[in-house]
Amino acid sequence: MTQTMVKTVKNYINGEWVEASTNETKEVFNPATGEVIAHVPISTKEDVDRAVQAAKEAFAEWKEVAVPKRARLLFKFHQLLVDNWEELAKLITTENGKNYTEAYGEVQRGIECVEFAAGAPTLMMGSQLPSIATDLESGVYRYPIGVIGGITPFNFPAMVPMWMFPMAIATGNTFVLKPSERTPLLAVRLAELLEEAGLPKGVFNIVHGAHDVVNGLLDHQDVAAISFVGSQPVAEYVYKRGTANLKRVQALSGAKNHSIVLADANLENAATQIINAAFGSAGERCMACSVVAVEESIADELIEKLVQKANEIKIGNGLDDDVFLGPVIREEHKQRTLQYIETGEKEGAKLIRDGRKDEAAKSKGYFVGPTIFDHVTSEMKIWQDEIFAPVLSIARVKDLTEAVELANKSRFANGACIFTRSGGAVRQFRETIDAGMLGVNIGVPAPMAFFPFSGWKDSFYGDLHANGKDSIEFYTRKKVVTQRWV
Ligand code: NAD
């Protein structure tokens, strides 16, 4: 029996599945049905101590394992992910709600991270200068930093942990993961696959839970670095507390991504991309399109297409055929979303598609239909806040300059897209927009694993982003050796 079939999931410490030192648990729901599918322990600081101790002891040996050997283990893990792809995707849909195709794609994005991390022998190379002066040479050597704490959100239960631990362990670190307590099952399955791949005990550990586990990691003197992905207030908190404890911290945070549609765009493509970006994964993506800033002259035409496409969306259980829009993660999140829809109406935005009226929104799971507001302005809360649900705001603008000014007013700056056929407009957009991940005529410009996931402003706290070369820098430290041989 795999751990994902047991009622209360266990922590994974030093290669063993162990009970948490608490009886406190939380229910894990299937958001499409409202059924309880597991319980997750709300572990304590003592559980964190045990896991960090195990990871610290494992580090002493793991850092000495030759880098190509560590990479070879990731090749095995990669094969196991491929072999179990469909099962993993089904599990994502079951605990998160996104549709099966999206879940399958999520596993792919995780696999790509493992592929990138398996390049550690090349990526970890240092550099030398044979003659910094007469008979004097210098070189840089890279080393792991120790025990890494990873804290992850509910919306990508496979991919986001894989932004972290493959690279962390490939570079010789050991890892303690605190998955989201709302979607803990995927992490459990990943641990099982790592074990099957032959990862030594203690290199990868899981402590389930909530705040206490996070604080336990942030305060622990034997944790060298924290990699966090989640909402803005928690990201800021984690960054401040982690760095106050002198840890290296990267904290990827919330978003409010704008898509700009200019009058010369291919509107059919723009509408298709925006629908996918706004309502895919029920809007629960940090790269979701939340606001469309459209040039007034084509606004009506674009909106007609958006509403028509939104009406064609099939809502339901993501495991059912052709379902595009699954549930949001929890009943509370649904209620919060409904509140935002009411707020938008009160603020004077024009509700042109009301997702509360869709049949599915009345069923047992946590469904909200595609919702679209027109005439949204930057004074409104529905423009300012990350709603993280299938709610799209449309703002009408005079031109590109006004569109960029609007987007740049947001405190968030994860991604932004432009739809146009003009190279000059793309250049202006690229040079003036304050956002770290840009798309041109595509909807979700999430970078692949070999590029950094490079949010700006309140969408990111830290210096080195997840993935890409930044991740090598984040998970390693350097020795510069200056030598004279006479
Ligand atoms: P969340 O902030 O509620 O939770 C993230 C993690 O922090 C979880 O493991 C949770 O247990 C922990 N946590 C929550 N509240 C805490 C507290 N008060 N103290 C200590 N720990 C706490 O986020 P979520 O709802 O699971 O995920 C959605 C959010 O994540 C969205 O804001 C989304 O934009 C963001 N996100 C960002 C990126 C990115 O790359 N920037 C990627 C994915 C998700």
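Cβ atoms are placed via backbone N, Cα and C, with glycine included.
TrEMBL annotations: computationally assigned, not manually curated.
For the NAD(+) site, TrEMBL lists Lys178, Glu181, Arg182, Glu386; matching the candidates Phe154, Phe156, Phe204, Phe367 against that entry yields Phe154. Across the annotated binding residues for NAD(+) (Phe154, Lys178, Glu181, Arg182, Glu386), the two most widely spaced Cα atoms sit 23 Å apart. Around Arg182 (NAD(+) binding site), taking its Cβ as the centre, 21 other Cβ atoms fall within 10 Å, counting all chains. Geometry remark: Lys178 (NAD(+) binding site) versus Cys286 (active site, nucleophile), CA distance 19 Å.
Around Phe154 (NAD(+) binding site), the C-beta neighbours below 8 angstroms that are at least 6 residues distant in the chain are Asn96, Ser180, Arg182, Thr183, Glu284, Ile329.
Confidence for the domain 'Aldehyde dehydrogenase' (17-481), expressed as mean pLDDT, is 98. A separation of roughly 19 Å, to the nearest angstrom, links the Cα atoms of Glu181 (NAD(+) binding site) and Cys286 (active site, nucleophile). Lys178 (NAD(+) binding site) falls within a strand when secondary structure is assigned with DSSP.
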